[in-house]
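Novice: Copying in the features that Swiss-Prot gives for the protein in this structure:
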type: TRANSMEM; residues: 19-39; note: transmembrane segment
type: TRANSMEM; residues: 41-61; note: transmembrane segment
type: TRANSMEM; residues: 89-109; note: transmembrane segment
type: TRANSMEM; residues: 111-131; note: transmembrane segment
type: TRANSMEM; residues: 138-158; note: transmembrane segment
type: TRANSMEM; residues: 166-186; note: transmembrane segment
type: TRANSMEM; residues: 218-238; note: transmembrane segment
type: TRANSMEM; residues: 272-292; note: transmembrane segment
Amino acid sequence: MQVEVFKVKLSDLLCLTKPKQTFLLLLTSIFTYVGAGGMRLDALLLLTAAMLLSISGTTSVNMALDADIDAMMPRTKDRPVPSGRVSRVEALSFGLLLFIVGLGLSYLINPWTAFATSLGMAFDILVYTMWTKRRTPLSIIFGGVAGAAPSLAGWAAARGSIELQAIMIALITILWIPSHIWYISIYYLDDYAAARVPMAPVVWGIERTSKLIVASNVLMIILQLLLFLMGPLGPIFLVLSLPITLRFLIHSIRYARSPSRGEARRMYKVASPVEGVIFLAIALDGIFRILWSS
């Protein structure tokens, strides 16, 4: 009986970390490390452990702090904390423990990696969750900074510092975030309105929000071109990443011409792999450059 209870509790604690989201953010860190020319296996393994723990910990703290909002929305009311299966104190303690261990591991790589890790936690919890999420539709920009922190950490782990190129790569995540969050918030518009969360579709309407998503996608393509033209990334990156971004831009333009809540869910699913493919292209470009120069 105790074993079963332990398994259920462990499953709930794992749920707090949002494994799919955590895995995607972890990949951005690993792929950026490789794209930045990182070749040390020990540093890569340490980075993987540090990011897995720190991202999971930050997400768990976020879940604890957002439990009151989650309890008001049918989509999220069965999550571990709002459902009562895990207490807020348990979720906070679990999350902080994971983050502290992850931060310690990131410092073993170098101080800049630890700085990027801390930046992610600070923006996600203090700026996004506790300050802006319940006040402004622009909160996702600050959430985007948190989402971009793992890629900064990956670059810092490889290069020992955070350079302009790293910031430009991090901007990819920030520009992708509107598609990731706003399409799903269009689909669940009534839930966010009932919970009084000022998401863009609630405050600005579906049409304006869909046009802003198009704008962010255009900027993302410009950024990809700049990363190629300014030199940190080569033709492999552009050839592999640009087609999927252009395809997604076309889909978002079509949606903006005739937006609907039903179609927003499909657009959310179309948006999901875009970031993964872009960062995979960054990694493959880095591998190609290493092989070419050897």
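Any Cβ shown, glycine's included, is placed from N, Cα and C.
A quick note: this is a predicted structure, and the numbers were derived from the prediction, not measured.
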Novice: Counting only residues 6+ away from its ends, which parts of the chain sit with a Cβ under 8 Å from the transmembrane segment (138-158)?
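Specialist: Distant contacts of the transmembrane segment (138-158): 25-26, 28-38, 43-44, 46-47, 50-51, 55, 58, 106, 109-110, 112-113, 115-117, 119-121, 123-124, 127-128, 131-132, 165-167, 169-178, 181-182, 198, 200, 279.
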Novice: Against the transmembrane segment (272-292), which of these stretches has the most C-beta pairs under 8 Å: 19-39, 89-109, 166-186, 218-238?
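Specialist: The listed stretch sharing the most Cβ pairs with the transmembrane segment (272-292) is 19-39.
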Novice: If I count Cβ-Cβ pairs under 8 A between the transmembrane segment (111-131) and each of 19-39, 41-61, 166-186, which range comes out on top?
Specialist: 41-61
